[in-house]
Each structure stands twice: as C-alpha cells, then as structure tokens.
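Presented below is the structure to which this report refers.
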Amino acid sequence: MTPGPTMVDPRISQAMSNQILGQFDPAFTDIMNDNMKMIAQTFNTKNRWSFPIDGTSRAGLEAVIGSIVSPGDAVLVPSLGRFGDLFVELAERAGGQVTTMTTEWGTVFDQDDIIAKIREMKPKVVAIVHGETSTGRLQPIDRLGAAVHEYGGFLVVDTVASYMGTPVKVDEWQLDAVVGGAQKCLSIPSGITPITFNDRFAAEINKRKRVEQGVRTGEDTKRNNYITSNYLDLTQLQDYWSPRRLNHHTEATVANYALHEGLRLALQEGLQNRFERHLQVHHALNAGLDAMGLHIYHQTDHEMPMVTCVEIPDQLDGDQFRETFLKDFGVEISSSFGSLQGKIWRIGTMGYSAQRHFITNFIALFGAALLQAGASVDLKAGLDATAAGFANQPSPEEVTV
C-alpha cells in the first residue's frame, strides 16, 4: 500500500510470461502500434507522438527535459514538493537557466500566481508536477498551457502518479509534453514509461536532431547543437516508434507486453469508472482513518485521490512502526521526504490496490498494528466508517479490475 510500486494484476503477470518476439517481428510491431494508440487514448489526446520509453518514469522526465531544454534556455519550475525539485535538477543538468517558484509543502499553487510569473519572465519551458506524491497534492494545471503559449513556450507536465487514477486531459488543457507512470495507477512493473507530446513540441526538438553514426543516412542532417543524450533522445525515439523503425535500441519486449495488458484492462474498465473507483476508495479510506482518531495531513480540496498522507502519532517512531508493520503484518506503507520526513506516512491506493477488500483489510491491520505499538485509536470505529464509506458503492464483484 505504497505510492508505488503497486500490486500487479495477475493478468498482467501472465501476459509477461509470453514468449519473446523479435523487435521487428510484425507480431511485435503490432503490439507497439497498439500501445501507441492506447497511450494516446488514456492521455485524452490525438497526439501521434504517444509512445513508451524504456526505463523508469525518471527516464521519461529526463528524455523530455533533455530534448527540449538547450543550454541557456529560460525554464520556470513551480515546485510543490520532492518531484518538482527533480525538474529543477534535470533542467539545470540540461543547461537551462532555472527559476523556481515554491509553496509550502502540503499546499498547491494558485494558477493565477504561476500565470503572472509566466507573463513576467516569458520562459521557453514551464515544468510542473500534476500529482506530487511526496505531499499528496493534486496541482490544478488546466489554465497554464494557454498562458505558456502566449509567449511561444512549452508546458511539460509530470503525471507519473496521477496518470490512470484521475483525468489528465492533454489536448483540452493544452499540455505540450506529458510523462506518465507505469508502477503507479497503471499497476504494471516499473521499467517502461508512457509519454506523449504534440507536433509543436516535436518541431522544436527536431531542430536539435542528430541520428547516431552507424544508422545515419544521407537524408539525416548532422547538427552541432544536438540533444546530448543518445538513449533518451526523443527525436531518435520518434524514428524508432514510426514506420522508419530506426535501429536505435533493443525494445523491452516483456515490458511492452505488460504495458499492453495494463492499458487494455484500463480501457476495458473504462477511464471514468477507473477514476471514480480511485476517488471512492480514497474517501472510504479517509473516513476510516478519521474515525480511528488519526489526522489526515492538510485535508483540502486538492488531495490526490490515490495517495493519503497521515500524520504520525506523537508517541510513535514512524520508521520503526513501518518496519514492524511490514514484518509482522505484511503490509508496506511509505514515509516522505524533506520537511515531511518523520512527520507523515503515505498510503497508496493505486490501480489494482484501489479495491474495497484491500482497503477494509488495510484498516483492520493498520489499526491492530497501531494498537500494538501503543497508539490510541478506535479500530471498531475505523472499520465501521470504512464500511459506511463503501455502503453505496459497487461490490468488488461489480467492478472489473
């Protein structure tokens, strides 16, 4: 029950056991093409450049930032937590001139404040996290794209934790490049990362395109101002995931099997049904924790519906409790980072784990572990409140997960 990695649907594990296909076998390129279509569907976009990157979510973030940011480019990062700070790190390593906006951890930005800063500095790139798992906040971003585009800039969004758990409307919100996550609400093993970017973003990064020596043809221009990473060069990856099928790397076959099955199951469930399931589970879990006597950290309208942050009771050592909870009860939860380290626990209800029976069992075990550790909690009240939270919701048998 962490904010990732999450439990995996057995159907995904089964799909991963299929025999390995060659990367240019028509049967495998059919899977690749299916994955591109399903990634676009789940991002609510018509972008033709919707494909996965082999690597964890950080690889996707680094590919996007490293491809769009040239040395000296102005970059604005409104950071609301640990992973906003990662954008700062990636942009600085790419040579960008980074301006950082900060807010107290556990809060979100007013979009008007970000828009005012955009109009003041006119950055080439604005990079922001949609779902900040370190604080459990969901940042509103629906108005930022239009503001960034007033000055010809590009909006890059980290939806690693929010993708597949809450709506991400790429086209409607005018997002230029978006990175999703595998091991969060999609509930497949980490190691492959869905991304999408629009033609405008593609045109900009192709100004720095350099096809590697050995596969370069006479039609490929050799540029001096090129994207410095070879493996994470989005322009070469475009050629790999297009009819050219540039022999850039060996595709992660099994990871693509997992991605294909994970996306198929999500679309079979229905995106809106999936989003509602995450929200329902979040409310039921919060009701149970509240009734037990625990405090939800900064309970606001901007909580992520797939991460619940709970204040650690004063008398407990948070890390020691987590170790005991895992060892004696078989359940793992997470701590946090930075200023919240040792102050909150983070409970993930993502993808496959966002089901009624898992949440009910979690409340029972969590309450028992807290009582064993000497905390004062009302376990019965917690169980009753959790059950009441699910009273008007579909039973597990009625939900296709």
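The backbone N, Cα and C atoms fix where each Cβ goes, and this holds for glycine too.
Under DSSP, Arg346 (substrate binding site) is assigned to a strand (E or B) in the three-state scheme. For Arg346 (substrate binding site), the same-chain residues 6+ apart in sequence whose C-beta sits under 8 angstroms from its C-beta are Thr2, Pro3, Thr133, Ser134, Gly136, Val307, Thr308, Cys309, Val310, Ile333, Ser334, Ser335, Ser336. Feature annotation from TrEMBL assigns substrate binding site to Arg346.
The domain 'Aminotransferase class V' annotation in TrEMBL covers 23-335.
Under the three-state DSSP scheme, Lys184 (N6-(pyridoxal phosphate)lysine) falls in the coil class. Counting every protein chain shown, the number of other Cβ atoms lying within 10 Å of the Cβ of Lys184 (N6-(pyridoxal phosphate)lysine) is 28. Among the features that TrEMBL reports, N6-(pyridoxal phosphate)lysine is placed at Lys184.
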How does the model score the domain 'Aminotransferase class V' (23-335) in terms of mean pLDDT?
-> 96
